Structures are given as structure tokens and as C-alpha cells.
Amino acid sequence: MRRLLVRWGSGLLLVVLLAVTVIGLAGGPGRETDRAYELEQRLRCPVCKSVSVADSPSDTAQAMRQVVRDQIAAGRTDDQIIDHFRARYGGWVLIDPPMSGRTLALWILSLAAVASSTTWFVLRWRRRPEPVEPSTEDREMVDAALEEIRTRDPIEEQP
Amino acid sequence: MNTVLPSAGWSGAMLGLAASIVLALLGFRAQRNPDRVRHARLRVTAWCMLGGAVLSMSALIGALVTDNFAMSYVAEVHSRSTPLFFTITSAWASLGGSLVLWTLVLAGYTAVVARQVRSVEDRLGTGALGVMGVVGIFFFGLVTTVANPFTIMANPPADGPGANPLLRDHIMVAFHPPMLYLGFVGFTVPFAFAMSALLLRRGGVDWLRRSRRAGLVAWSFLTGGLVLGAWWSYEVLGWGGYWAWDPVENAALIPWLVATAFLHSAVVQVKRGMLQSWNFVLVLATFALTILGTFLTRSSVVVSVHSFSQSAVGPALLGFFVLVLGGGFTLFALRGERMASLSRPERLASREGVFLVNNLLLTVFAFVVLTGTVYPVLVEAVTGAQVSVGRPFFDRMAVPLSLGLLLAMGIGPFTPYRHATFGVMWMRLRIPLLIASSAAAAMVLAGVRDPGVVLVMFLVTASVTATVRQLVVTVPHPRPAAVWRLLRSQRAYWGGQLAHLGVAVVALAIVSSSAFAQRATVTLERGASAEFAGYSVTFEKTERHELSDRTSTDAHIVLREGGRVVRVAEPRLGVFAGRPQAVGQPSVWPGVAQDVYVALGALEDNRVVLNLYRYPLMSWLWAGGALVAAGGFWAVSGRLRRKKTDEEAAPEVVSRA
């Protein structure tokens, strides 16, 4: 009786705690988004190696951050701002590869890898493995080994 | 006189090359026909290989230290004004020298394998030595031909330009590259055993145990190398981050991911006799990916912080990569069928099921990172257009995969083999789940509203408490001595758990340092202050220091908390002789709870632009990484011990037969 109580009690407590967490997360104010920072993270710093404009300490990146802020202040949309940079620096400047054009295949490849491996995994578990029958050769080997052990001189078995 | 050291170095590399050729021939012959090769010969050949590599490395360092500009490598990377410490580390600061280091590490591993091959009857071992000989031929071949650092200059210059300033500014240059090489090159050993087993047509636990042991050593070093690399870039690059998804960082991460998958799936083969073919695939892929990674680093195909060197080595490495991939997988295709394990997991809800999920996630992870890294290169090769694939893409892929891995990590080690019922899992995970959900609820009530942080906190707490519960339940007496005995007797399991603990700490550090980071850019006149993260930041003065090889300017930035000085940060700007570009070095104030990072944006006598960052729990990242590597080494130390007792027992079996 007591064990049952503990089992159900702890289950209930777990559900309550998780509910508090989820409701708290869903109800609370989300992380405020900084539009300029998000745009800057999508642009590549032209004078650095693999760092975005948001992360780069270089002068060029600083100038580009200023351009982003000016354009936001001028009321332009995200797409317009991104297109502005693309027109100036080429597709290279987008460190966040768009799901279109030359970088479409990248997304297709990556998502296909996820999808195909998941499918393979699910199918594998659908199919019941067939029991493997030992071959007659294997059976003979086992029989011979058993026979040898049975007929062995008991003294030899001492290690 | 000046030509002695270059000649000695070149002779060493030639000796290594000759020994590699002999080792390849002897090894394969011994594998086919054990009677026709004497054991001592194999061993001597391996020692010759090591001797050659040691000789060429010593000559290289000797020439650097004695300012012997007659050697082409010294003329290329050395300058007389470089301090002794960075003179020695410049032995691997550029392509030729780093390949000499590669041959040295490879020869070292070969000697260790040769030591463990106790007789020519060990056909798996002799074959592996043959494969290592072939790999040795390639790398010693590079050192003696296209990447030869020992060329004698007809007109030696009086002084050289010195190494890349980034490579003579921080002590980490002495640790990160050698450790990374110990990891990278170490994967040759599992590859050699796998190829040898395929050649022998002999599957089973023997090749796997030896591969796994060597793989664990290499993996632990690579883990250390990756963490040190992240730490180094955090300390010097000045953009406040530690991981940029830079192509060369990725090149080291991809083999690490695949090797991690192998370490896990090897357990399934040892315990349940499953997944043998898959293990072959993982071992071959890991080695091939290390070669691909080296190709990406050492040729100019990708733009990266590591593109220190460009040369004709690229095509050679690409050729070798194709050879390894083609040769390895052809052999596997011919022989793999009969090596396939006959049994397979019965249920998903079992330890082997979770291991498979882990393998699936890790290989998809590796594939995605590989695709993202190589994609721009391929697009440019085919269409000529330049595209970028960077952090947003990798983060979007890596975050869900990493969460999946954390989940598997929390469940897997506590799941029984064959069949896990709900009742058993509930019994084992009930308390951890309760503690974890309490922690998550407490965080939310305390005002943390970032779902990522809360989710990671939940997974990490569950995983760690489940480990602690497992320890408490398994240990016979609740005394420290008994716990220690348990940890020592089941090293593979508890080493793994230590590594998992490290992963949990790393995950927590990554997520909290990114979600709660604060950053600001401020411009300060001399004497002026700004507020940042509860500190008052004042620009006090600049100081100029003339050092032997550079002029360094420090800015003194005083951090005050409630009027009290808590830290004087001294970010610097160094101008090296003969280099136009100034190199900045940020100042990091590390702490248990948070790091405060001060980087120079611009520096004038009376005005400074500062990039300020505050990262909570940043130091935990390095500590967690160290735990992961330590877990790997702990697991290996037990295997070596067991091996010894096996060998002591072995002669009895022989005498009885």
C-alpha cells in the first residue's frame, strides 16, 4: 500500500513540477529580440575569417553594424536590408545560407540525412529479426567440443 | 658547418621513409606467412622509424635554436629576435615542421604497437604494423619531397620574418597543436587494426578491443586538443567567442564525432556481439576524416584562421584521402559481408537501442557538419560562385542534435541490455527525474525564462543525479574506500560516466554563457568611465613596452565595484617587427561564476574603444572539457591493466596446447 502511494505520489509530483516549468516558460515574457543584432548575426564580416558582423571587433564590421542600424531606423524590412548587403558584397556575405538558390542543396542534403536515417531506424525496428539457425558445421563443432570435455582426463583440468 | 643540421634532418626523414617501406613489406609478409619473418626485425624496423623521426625533429629544433638560416624552414618561420620558448614551438608553426611533428607522433604510436606485438604469431598485430608502415611511407614521403623543411638555402638570409604573430604570443601554442596531433594521428592505430582484421578475414573481439583501446587514447587527446583550441581562440582572437564553426575547427570536430560514435558502438559489440560491420565503417571513416581534415587545414581550399600555410601538399593529401577511402571501403565491401554480426538488437527499449540512437545522432551530426564545411568549396569549384555557410546554419542543426544526445546520455547508461521495461526505468530514473524537474521549476520560478537553459538544466541534472544514484546503488558499502574500489574495478563504465559528467558541465557552460551573455562597445576618453554589468569601467592610461620582437601597448582599464578597485584589465596591442598588422590580445578576468572579457576595438593615446563581454560560467567549459578527456584516459588505464593480466595468463594456454 505504502509503495503504491510512493509510486503514484512521485509520479504526480513529477507531473506537477513539469507543468510548473512549462507554464512558467510559456507564460513568461519571451527573450526580447534585438532586431539589429539578429540581422548582424546573419552577415559575414568581409575582412575576418569565419565570424559574423555581430561578433567581429573589426572596423569594417563596426561600419556595417552602423549601416544595419541606419537602415532599421529608416524603416526598411529585414529582407530589404539583407538584399542591400547581398547587392554590395555578393551572396558570400550571407553567413546564414538561405533555403534557395545556390545553397538550397545544402539544406536538402542535411535534412535528407536526418530524414533518411530516422526512416531507416524506424523501419529496422518494425522488422522482426529472424532467428538464426546454426549450420550443421557449427553443430558438429559444438558436439565435438562437448565430447572432448566429457572424455577429458579429470587431472588435466587442474589449472 | 651550417649544412650539418639540414642534412641530419633530411637523413632522419629518409631513414624514417626507408624504415616505413621495410615495415610495410615485413608486416604484410609476416601477416601472410608468420614463419618467414623474424620478430626482432619488425621491432628494430619500428624503432628505426622512430629514430629517424626523432632525428629530424631534433635537427629542426636545433636549427631553430641556433639561428641556422641555411635551413629553408628556419628562414621561413624564424627570426633572431623571437624568444627561446616561441622559437621551439615554431617547430610546428608552419607546414613543413608540422608534418615532421606528424611523423614523430606516428612513429611513436608505431613503436608502441610494435611493443605490444609479442610474437609474429600475432598476425593481427603484424598486419597492423604493415598498415602503419604504409601510412608512414606517405607522411615521411611528404617530409622528404613536397613539404621538405630541410632544403639547404644557397644564399642564407641574415634574418627571417618570424612565425605568424598569433603563433608566438600565447603559451597555448606549446600544448594545443601537439595534443591535437596526438589525437589525430592516434586514429591511425584503430584504422591499422581494422584493415589488418579485414585482410585476415578475421572479425571478432580481438581487433575491436585493440582498436577501441587505441581509439580511446586518441579520442581523449583529441578532446583535450579541441578544448585547448577553443580556450586559445577565446583568449587571443578578441571577438569574445571560443568556437566560430570555422572550417578547420570543424575538420577536427568531425572525426571526434565519428570516433565518439565508435567508442559507443564498440561497447555493443563487446557486450552483445552486434554491429561489427558498423564498427569497421566508423573506424575507417574516422581515419579518412582526419586525412580530409588535414587536407582542409594544410591547403588553401578554405578560408580560415588556420590557413597559415599553402603548398603542393594539398593535392597529395587529397590523393591519399581518396586512396584511404577507396582502398578501405573496397576491402570492406569485399570482406565486410562475412564479418557482419548475425545478431541484432531485439528491442529499441534497451541499452543497445539507446547506443544505436546515440550512433545515429552522432553520425548525422558529423555528416551535417561535414556537408556545411565542404559545401562552399564544392560550390566554388563547380560554379565559381562564393557562398558562405556559418554559425546560423550549424547552430540550427547542432542544437537539436545535441539535445537529443544529452537525452540519450541521461537514459542510456542506466538502461538494461536486451529489454528495458517501464517499471525498471521508472525505478532507476524516478529520483533523478524528480530532482531535475525540481531544479527546472526552481529556475523558472526564479525568473529564468530561456527555454534552452531550462531544458539543458533539466537534462543535465537528471543525467548527473542518475549517475550518482547508480554509484550509490552499486557500491557495496557507503565508504570512500569502497567507492574508490568500484571506480577502479569498472574503469570502462565509470570512465564513461566521468566523461558524461564532463559533457554535462560543458553543456551547461555553453548554454548559460551564451544565453546570459552581456556585451557592450564603449568609447572612453582617458580618465572617463562607463557602466558595464555592475562594474564601473575606467580608462586610466596606456603603457608602451619594447620587447625583443615586438612593441606592445597596454591599455589600463580599471574595473570598480561599489567604488572599490576589483581588477585592472590590460588588453594589449602588439606590433611585430616586419609585420604590418597589429595583433590585439584581450584581457580575460576568469572566475568561477563569470568571466569579464575586455578587448580593444581601437587604441589611441587618449581614447580607447572597448568591446566588453560578461559570460556566466565560462570557466566551467574548460573544466568540463578536461573531465571528458580525463574520463577517456580513466577508461583506458583499466584496459591496459587487464591486458597485462591476460598476457600473464596466455603462456599457460600455449603450454597446455
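Just so you know, glycine gets a Cβ as well, placed from its N, Cα and C.
Taken straight from TrEMBL:
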- B:12-30: transmembrane segment (TRANSMEM)
- B:42-65: transmembrane segment (TRANSMEM)
- B:92-299: domain 'Cytochrome c assembly protein' (DOMAIN)
- B:124-147: transmembrane segment (TRANSMEM)
- B:179-201: transmembrane segment (TRANSMEM)
- B:213-232: transmembrane segment (TRANSMEM)
- B:252-270: transmembrane segment (TRANSMEM)
- B:277-296: transmembrane segment (TRANSMEM)
- B:318-639: domain 'Cytochrome c-type biogenesis protein CcmF C-terminal' (DOMAIN)
- B:355-378: transmembrane segment (TRANSMEM)
- B:398-417: transmembrane segment (TRANSMEM)
- B:429-448: transmembrane segment (TRANSMEM)
- B:493-517: transmembrane segment (TRANSMEM)
- B:617-636: transmembrane segment (TRANSMEM)
Model confidence over the domain 'Cytochrome c assembly protein' (B:92-299), as mean pLDDT, sits at 92
In the same chain, who gets a Cβ under 8 Å from the transmembrane segment (B:42-65) while lying at least 6 residues past its ends?
5-6, 8-20, 22-23, 26-27, 30, 71, 73-74, 77-78, 84, 87-88, 90-91, 97, 100-101, 103-104, 106-108, 110-111, 113-115, 117, 120, 126, 129, 133, 136, 140, 143, 149-150
Apart from its near flanks, which chain residues at least 6 from the ends of the transmembrane segment (B:252-270) lie with a Cβ under 8 angstroms of it?
180, 183-184, 187, 190, 205, 208-209, 211-212, 215-216, 218-219, 222-223, 225-226, 229, 276, 278-279, 282-283, 285-286, 289-290, 292-293, 341, 345, 352, 355-356, 358-359, 362-363, 365-366, 369-370, 373, 492
One stretch in B:12-30, B:179-201, B:213-232 has more Cβ pairs under 8 Å to the transmembrane segment (B:124-147) than the rest, namely B:12-30
Under an 8 Å Cβ to Cβ limit, what residues of the same chain, 6 or more beyond the ends of the transmembrane segment (B:213-232), are close to it?
109, 113, 170, 172-173, 175-177, 179-187, 189-190, 193, 242-243, 249, 252-253, 255-256, 259-260, 262-263, 266, 283, 286, 621-622, 625-626, 628-633, 635-636, 639-640, 643
